[in-house]
Structures are given as C-alpha cells and as structure tokens.
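Working notes for the structure below.
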Amino acid sequence: MASSEQAEQPSQPSSTPGSENVLPREPLIATAVKFLQNSRVRQSPLATRRAFLKKKGLTDEEIDMAFQQSGTAADEPSSLGPATQVVPVQPPHLISQPYSPAGSRWRDYGALAIIMAGIAFGFHQLYKKYLLPLILGGREDRKQLERMEAGLSELSGSVAQTVTQLQTTLASVQELLIQQQQKIQELAHELAAAKATTSTNWILESQNINELKSEINSLKGLLLNRRQFPPSPSAPKIPSWQIPVKSPSPSSPAAVNHHSSSDISPVSNESTSSSPGKEGHSPEGSTVTYHLLGPQEEGEGVVDVKGQVRMEVQGEEEKREDKEDEEDEEDDDVSHVDEEDCLGVQREDRRGGDGQINEQVEKLRRPEGASNESERD
C-alpha cells in the first residue's frame, strides 16, 4: 500500500503543464538517485530500471541525470551462471519519498538555527568562564593598582594635613607653656616682693608697736607720778550759805556791799577752781574769802571739806588704777592699744575725779531746801 501511494504521488506532477517537463524536477531526480543506489535495484538490469523510472513519469534526461548522480550507470548485473530459463525478476518497489513542501525547509532552518545557537551558547560560556578571566585579569589588576595608588595619595595628603595641624598645635602649646612660665615667674617675683613688703611692714609695725608701748608706759608713768604727788593744798573755803550774815550798819556800807559780793564770789571762785590743775593757780580767790572772814570764824574754816572729798576721790582713783593695772597684766597683747584710747581713758579719769569733786562741793554749797527741790525735780 505504501509503495502504491508513493508511486501515485510522483505521478501527479506529470499532469502539470509543459513548463515543468522542460525544467528538471529535482525532487524526482533525488528520489530516482536514491532508488538507483539501492543494493537490490542495482542487481537488476539497466533496461528494467529505465523502464520503471519512465513509468514513474521521468524523462530520459532526468533518468540520465539520476544515473549520473547515483553513479550506477556502469553497473551490470552479475552473471548467475548458465541457466536454462531466465526467471523474470520483479523490480523492487521504489520507495518514493514524499514531496517536501516549503515548510520542511523552514523546519530545517530552525533546527540549524537552534544548533548554531547551542554552539554559540557553549562558546559564550567557555568565553565567560575561561577566556574573560584571562583577558580581564590584567585589567582588574591594573584597576586595583590604580585604586591603591589613589588611596595611597589620599592617605599621604591626609597625613600631611594632620602633620601640619600637629605642628601648629605644638607651636601653640609651646607658646602657652612659655606664657605660663612667664606668668609663674611674675607670680614668683610678686610673691617675693610681697614677702619683702610684708617683712618690712612687719618690722615697721613692730617698731610702731614698740613706740606705742613706750609711749603708753611713759603715759602710765606720768599718770602714776601725777597721782602719787597730790596737788598743793589750798586754803579751806566755806560756802557762802554757811557764813553768818551780819546786820548791816550805816557806818559801814562798803562792807555790806563787799560782803554781799562775797556771797556770789565763792561760787565763781569755786567754778574756776573745779579742776585740780586750776586749784593750784587760783590762790587769790581763797585769800579774798579768808580776808573777808572775821577772827571768830577762822576756826570754822579750818574744816577742810574739800580736802576730805579730794582724798576720797583719790582713794577711788587709786582703786581704779589698781584694777586697770591688773587688767593690763592679764592682757598680753598690748600691740593693738591706740594712743587715742589711752588719752580718752586719761580724760575720763580726769573728768571723773573732777566731776565727783565738783558735785560734792556743789552739794555742800547748796542749802538743804535747794537740794531737796533738785532731787524732787
């Protein structure tokens, strides 16, 4: 069945127009070449082969071309020996290949393209794995070297900058150290000067203290000497209110006036002679008072009231001086005593003594009624 179908297929082109008979039909020739190259067909004689090809619609030219291409034109069937009868050999069925249309060509091209693509892919993989590393290895090394050189240049620049900064900082630190040393030297000079000034001041202060001590001692000596030798006693005086008033007589008006003036004069004389220094310098007032007294009243004037008061005041002053001496002995630090304080103490002592004397004298001068009124007030 297959051989009949194959025989029918090449018979179809015979019904084509005459243009196809003129041109050789390559597919038919190719099938004829394959048919002639078959080992069984080659054993058959040429006449039978030609006759079979003509039956299939091949022309003589095409048959000749098929014989030339197949190379079986000189083939002759081998002698089978003497035979009485020739057995007709049936020609084998020609296996005619079907007519390949244009789609089969595209398939062949596609398969070829796929094969070429596979080969190209293989070459590409080989190129990537083996050839590229060999080619690009040197380039990468060069790039790495360039990178290393760039990094080294950057590092050298940064190191140079840091070195310059360190040099500037060291210079500034050295300047600061020099300034600090200068300040330390100035402070040392100032301390030495301060020590010298303090020593000189201390010496001056000690000298001043010694001078003050000597002055204080001299003042104490003067005070003690003044108090050891009491002032010269003055004549005793009697207040005016104790003097008996005599009746005035017309024969002696001057005496009355003088006696009335004598009542006032003792007060003035006493006020002028309030201080002990002044008492010694006012003897005239005392003589006046005693000159006015009569011979009967001289015995009463012997009573020295003022001397008693003065003795009492001197006793109190001596007690105070003893207390002050004890306090001075207890106080070791006499360096801070000022001359003004000493003078103030002296003035207070003087005022206290004189004031007490004056108060007692005034009490003696005043009458009892006046003293009571003053106490009530």
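Even glycines carry a Cβ here, placed using N, Cα and C.
The compositional bias 'Low complexity' annotation in Swiss-Prot covers 1-15 (among others).
The compositional bias 'Low complexity' annotation in Swiss-Prot covers 244-259 (among others).
Taken from Swiss-Prot, the feature compositional bias 'Low complexity' covers 265-275 (among others).
Residues annotated as compositional bias 'Acidic residues' in Swiss-Prot: 323-342.
The annotation compositional bias 'Basic and acidic residues' is assigned in Swiss-Prot to 360-377.
Swiss-Prot lists Ala2 with the feature N-acetylalanine, giving experimental evidence as the kind of evidence.
Sequence annotations record features per position, and here Swiss-Prot assigns N6-acetyllysine to Lys34.
The region 'Disordered' annotation in Swiss-Prot covers 1-24 (among others).
The region 'Disordered' feature in Swiss-Prot is assigned to 230-377 (among others).
Residues or ranges marked as topological domain 'Peroxisomal matrix' by Swiss-Prot: 2-108.
Under the heading transmembrane segment, Swiss-Prot lists 109-126, citing sequence analysis as support.
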- Task: Provide the number of Cβ atoms within 10 Å of the Cβ of Lys34 (N6-acetyllysine), excluding the reference atom itself.
- Result: 17
- Query: Which state, by DSSP, holds Lys34 (N6-acetyllysine): helix, strand or coil?
  - Reply: helix
- Overall pLDDT for the topological domain 'Peroxisomal matrix' (2-108), taken as the rounded mean: 64
